[in-house]
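Have a look at the structure below before the remarks.
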Amino acid sequence: MSLADELLADLDDIEETTESTITDELGPDAKKRRLELQLEEGNGISAELENDLDITKISDSAQKLPSEVANKFNDNNENIYQLLNSTRLRDIIEGTEKYKGTEKQAITGNIEDDLEYHLIVDSNSIAMEIDDEILRLHRLVKEWYHDRFPELSSLVLNAFDYCKTVSSLLNDLDNSKTKLSFLPSATVMVIATTATTTVGKPLPDEMIKNVKNCCEAIQQLGEEKQKIIEYVQSRISVVAPNLSAVVGSTTAANLIGIAGGLTRLGKFPACNLPALGKRRLTTIGINNPAVSGDYGFLYMSEIVQKTPPDVRKQAIRMTAAKVALAARIDSIHEYPDGSFGISARKEVERKIEKLLEPPSQKPTVALPVPDDRPKRRRGGRRIRKMKEQYAVTELRRLQNRVAFGKEEAEVFNFDETEGLGMLGQEGEGKIRAVSIDSRTKLRLPKARKAQLQSMAQKNPLAASGLQSSLSFTPIQGIELVNPLLQRQQKVEEANKWFRDGVFTQIKKDSNEPKNKFS
């Protein structure tokens, strides 16, 4: 055996010794409790407990019911119906019956000192607890009745309708059409069809009794809650008239109850009011995250629900701001007739209507009459010089042209091909200078002209600097001209012309006297 196995064995011995010591000290009740815990966990019964306890003494109902439920019913159902049997609920019901027959007087002093105000707050708080209790008992009934009709929980979703259906059917699923007249005919038809093919088994009599009692408790809690809500709605308009005028009596009562009073509600900032009651709506199955987001009771108010979904977020924000003001006004007993709440609600409704208005259409404006008059263009020496500088040259014009039926020459420039157009085509050896309009031609000043003329008179043989020794021919292109060669050609041509002349061939006689008169 390894060291790890020895350590585990020692720990097991210590645990067994501790359990046996505790069992000996507590007596047979501890063994019974250990048996119940093992039954709840579903781990079976240990051999030691099998020897010490007689399994046949455990009732059949405790074996068929869940262990938690069996233990609670063994205590005379006190743990299951704690709220229904509580003195707090009875006191609130008695208080509501007492004040229901009297007319509520306007509160003049501190609102926290009024007894009926505290009764209203407690009534609204216990109404929320009743919702939790109904949901808990509803889950319990579904767990019990699942063995008899497992498909029923998916066919009837409402807690009160489900309990009425279970109380009407119990173990007898035949003739369900005549027993379920309170349900829609389509639902009754589906239940009757499903009951014929259900895989459930009949429940024992004790289980049926417990299920029936639990359904009756749910119905009774629903009736008590309805009484409390009617009382709160009848009194909330007197306690908080402005708040009730803004969001209604039901939402006002829920907000006051969850905030812990009207004074505490007035201390809430407007940005936190939409989240009040979110957990409550989720618990009772009303809240839908896809629709309501992080909103609570304020989202379920009438003024918000009647607005389209796309503007509800803005409606909640505007309503929350007015609710915060109305709660603070009601806590100091201002505007007891609710005039502020009425005006605030009208203002919110007016703003919502403004949000729902379609966007205003822009009027169709005719196009302006085109101005065909000649535009004024800038002139002057600087503008003319700039135009001449950036004017398109003859070379660029030739490059932009392509001769018909001739291949265009191309050159490569930085990995790009550039066409030359008609540049370099045969028969095109002329280059025309850029034509300049005489009207806009840049002219020299008179002083500069006189200076150039005087320079030309002083040195008439001086070259102007514009002469060139280059010539362009259609055969060889650009040629370099030799001035000496041109002069020699002229001399040769002159000699050739006068070489055959008569006058140039007459020989002079040396014997002839130079002067005939001599």
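Positions of Cβ are set from backbone N, Cα and C atoms, glycine also.
Not measured: the values here are computed from a predicted model.
As recorded in Swiss-Prot, the features of this protein are as follows:
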- 112-147: coiled coil (COILED)
- 205-239: coiled coil (COILED)
- 239-357: domain 'Nop' (DOMAIN)
- Cys271: site 'Interaction with U4 snRNA' (SITE)
- 359-382: region 'Disordered' (REGION)
**Complete:** DSSP tally for the domain 'Nop' (239-357), helix/strand/coil in that order, comes to 90 helix, 0 strand, 29 coil
**Prompt:** How do the residues of the region 'Disordered' (359-382) split into helix, strand and coil according to DSSP?
**Reply:** 2 helix, 0 strand, 22 coil
**Fill in**
Over the domain 'Nop' (239-357) the mean pLDDT stands at 84
